[in-house]
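Below is one structure, written out as structure tokens; the observations come after it.
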Amino acid sequence: MSCLASCCASLTCGLCTSVASGVTRSSARLAYCGLFGVSLIVSWVIREVASPLLKNFSWINTSDNLSREWFQAQAVLRVSLGNFLFFGVLALIMIGIKDQNDRRDCLHHGGWVAKLVIWVLLVALMFFLPNGVITIYGFLSKFGAGFFLLIQVIILLDATHSWNDSWVAKDEQKWYVALLVVSVACYIATFVFSGILFMWFNPSGHDCGLNVFFIVMTMILAFAFAVIALHPKVNGSLLPASVISVYCAYVCYSGLSSEPRDYVCNGLHNKSKAVTTSTLVLGMLTTVLSVLYSALRAGSATTFMSPPSSPRSVVGEKKSLLASEELESGKGSPEARPVSYSYTFFHLIFALASMYSAMLLSGWTSSSESSELIDVGWTSLWVRICTEWVTAGLYVWSLVAPLLLPDREFY
């Protein structure tokens, strides 16, 4: 067994070294995304085999009454803490980088073999920490995960406004028609999906007033978005309003589907106590895609994330991800060569995403559901619903802020 482990470790190191040597400046962001994806896989694997392994560690197995779920949460939180420290330290190191002449720019794009070794060591060292440290990290992770969801909302708002502005800027009738078609389609999808939620989460014969309130509120918010956006005094558009409405309906669904499996008003899942492997894979894939989108979007054309010397922050231009990568690799302006995105914010996204993924895999450290379930319980429900309401509040604020604060400039 030890020989087999040594061979696997040798092959893994060789593979990591080979991959690291092939990382270029323009593919650095994708490499960080890949590393985060590997951390999720490691968390999931260790989570499944945590109980028999961690029982051998006396500083972790401090009681005979510890459940399998507790050991699983410990494993997930320890891997997450190592990941958080790795990206958190990088975020601190990268503070203040404005151009590619900064020596720290090479640290962000290069040194992958060393960074992989450091990442592995950090994750391994977390399993030698006392339980008290992990308990504190688990508590802080709830706030970090909430902050990650907030950043996701801000990125979504920025993306929808950028989408709308890019089509309007073309100033052609076909693009205006496309805006109208997409907007109407999104609104139809929102209200049809909301109607389906009534059937799934308001079974006949049961008092499901809380679920009905959540669904009705989602429909009211969608209608309010359109009214506010189309008001003559508001410089809004129907496309962002419709996209945000669809997103709110999806968040409402994800929250309701996270209700405990034995809750009578959860008509979608209350007939099954277990969850299939395909459902687990789909849930984790959704999480990974969500995190990767946030990270890549953080490295593309978002003015509020750009460093002060970036061309976007100076002239407010919207550059594509490809254009940003060309600037990174030195194919852009040879004189200034400013960094095309905030390295600190980029790594902060992954640090917070590490907390968020830990909460999903550990049931927000307070779930009484089966250990086979991911992201299920009342805590998850309220996190989702609060995220929906915060999304609505931020979108409405983005519309009315220029009216309430006319002396300030909004991008």
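Every residue gets a Cβ built from N, Cα and C, even glycine.
What TrEMBL says about a protein is an automatic prediction, not a curated fact.
Annotation comment: TrEMBL describes 28-46 (among others) as transmembrane segment.
Positions annotated as transmembrane segment by TrEMBL: 75-97 (among others).
Annotation source TrEMBL lists transmembrane segment at 117-140 (among others).
Feature annotation from TrEMBL assigns transmembrane segment to 175-201 (among others). Sequence-distant contacts of the transmembrane segment (175-201) (same chain, at least 6 residues past either end, Cβ-Cβ under 8 Å): 164, 167-168, 208, 211-212, 215, 218-219, 222, 226, 237-239, 241-243, 245-246, 248-250, 252-253, 256, 259, 265-268.
Marked as transmembrane segment by TrEMBL: 208-230 (among others).
Away from its own ends, the transmembrane segment (236-253) comes close to residues 156-157, 160-161, 163-164, 167-168, 179-180, 182-187, 189-190, 193-194, 197, 214-215, 218, 221-222, 225-226, 228-230, 384-385, 387-388, 391-392, 395, 399 of its chain (Cβ-Cβ under 8 Å, at least six residues beyond either end). Here TrEMBL flags 236-253 (among others) as transmembrane segment.
According to TrEMBL, the feature transmembrane segment maps to 274-296 (among others).
Taken from TrEMBL, the feature transmembrane segment covers 341-361 (among others).
The transmembrane segment feature in TrEMBL is assigned to 381-405 (among others). Long-range neighbours of the transmembrane segment (381-405) within the same chain, counting only residues 6 or more positions beyond its ends whose Cβ lies under 8 Å from a Cβ of the stretch, are 145-146, 149-150, 153-154, 156-157, 161, 214, 218, 221, 224-225, 228-229, 233-236, 240-241, 244, 247-248, 251-252, 254-256, 258-259, 364.
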